[in-house]
């Protein structure tokens, strides 16, 4: 991902303002509600029968925290996303057989949640920078599929 110094600074500054665990839980929950076919990877999470069940599900929240922790790690290694996400790419490709398109969808959910949480601070330029990052992360996670 090619980011300018200004974009990197915006990402770093804004990321420090959010509750990362909350972003992860909300983003994963929204993914499962908005794109219900993604629930097939999480059937062992229990009740996912409605949006309120998904958003209140402790396992969704816990996994959302794992997801966003990995994403936050990527923010520390923006110049090496492929290397940073290599093991996760292998896991999701070889063992979990996740459609790599789902990584793009989740990235979009992260951007939506950041927009909501950051309000006016999430300017169009900030959105552009984060969109580049989530696209780069999705590409890195899909790397083992190619």
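Heads up, the Cβ atoms here are built off N, Cα and C, so glycines get one too.
Summarising the annotation, Swiss-Prot assigns N-acetylvaline to 1. As annotated by Swiss-Prot, domain 'Globin' applies to 2-146. Residues or ranges marked as N6-acetyllysine in Swiss-Prot (evidence: similarity to another entry): 59, 82, 144. Taken from Swiss-Prot, the feature heme b binding site covers 63, 92. Feature annotation from Swiss-Prot assigns S-nitrosocysteine to 93; the stated evidence is similarity to another entry.
Recorded features from Swiss-Prot, shown on the structure.
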residue: 1; record: N-acetylvaline; contacts (Cβ under 8 Å, 6+ apart): 78, 81, 132, 133, 135, 136
residue: 59; record: N6-acetyllysine; contacts (Cβ under 8 Å, 6+ apart): 42, 44, 45, 46
residue: 63; record: heme b binding site; contacts (Cβ under 8 Å, 6+ apart): 28, 42, 45
Would you kindly give the Cα-Cα distance separating residue 93 (S-nitrosocysteine) and residue 82 (N6-acetyllysine), rounded to the nearest Å?
14
Neighbour count, 10 Å Cβ-Cβ cut-off, for the residue listed as 'S-nitrosocysteine': what number do you get?
17
Taking helix as H, G and I and strand as E and B in DSSP, count the residues of the domain 'Globin' (2-146) in helix, strand and coil.
119 helix, 0 strand, 26 coil
